[in-house]
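*Asks:* Before I ask anything, here is the structure I am working with.
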Amino acid sequence: MADKESLIQKAKVRSVTMTLCEAEERWQDMALCMKEVVEMGEELTAEERNLLALAYNNMVGSRRAALRTIASAEQKAADGSEKQKVVTEMKEMCGEFVALLDKFLIPTCNHDEGKVFYQRFKADYLRYLAEISEGEEQENMVTKAKESYEKAHEMAAKLKAAHPIRLKVALNFASFHYEIRKNPQEAFQLALKAFEDSTADPGGINENSYKDSTLIMQQLRDNATLWNSETEDQG
């Protein structure tokens, strides 16, 4: 097994040297490097956990995009083999990441920021599994994702109201209510409260996080406006 430092450096190289054609292979290679780092059982630094998330987010994100493309073309083609292939790959990747979170990352993390970061990712990846599941399996994944988001949301209260990790939890949890649970009212209320709390107490955020916080606050505001208009139309 390679040493931790060489794996981290290899992952960094993969993150900046890829071209579009080789991107998928590079993300997989990067994820493999970081998976080995995680399995060493040591607590990750902020940089290391971001590298891990970057690799898995890009692998899973490309497949979510592929499924949207396939869905838009389903009326033109009856063959579902390509869709099933992508779904199978997504389930394997999401399951692998959730397992890493449960077995290594969440248990070894000893600070609030990291704990919230990991718990939110667990919720996100359970949500992705809910998106591609059906029937009882889907109901089970929705329940697990909701429980994980609730836990992340509760834990995030320990962070500053304008902290980007706390805001990201609120943004994704609200989107989960809207897109998965089909509950625009609850999505609106959650997004609005997070936006109002962060604007009322914007302090305690370092310069590096300010840009991220501002962007997420804008997304929360825009989503709250959209969802509120929908609930008013329904009313």
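Using the three backbone atoms N, Cα and C, a Cβ is placed for every residue, glycine included.
So TrEMBL lists the following for this protein:
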DOMAIN    4-235  domain '14-3-3'
SITE      Arg64  site 'Interaction with phosphoserine on interacting protein'
SITE      Arg127  site 'Interaction with phosphoserine on interacting protein'
*Asks:* Hey, how far is Arg64 (site 'Interaction with phosphoserine on interacting protein') from Arg127 (site 'Interaction with phosphoserine on interacting protein'), Cα to Cα, in Å?
*Replies:* 12
*Asks:* Among all chains shown, work out which of the recorded sites Arg64, Arg127 has the most CB atoms within 10 A of its CB.
*Replies:* Arg127
*Asks:* Give the helix, strand or coil assignment DSSP yields for Arg127 (site 'Interaction with phosphoserine on interacting protein').
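*Replies:* DSSP call for Arg127 (site 'Interaction with phosphoserine on interacting protein'): helix.
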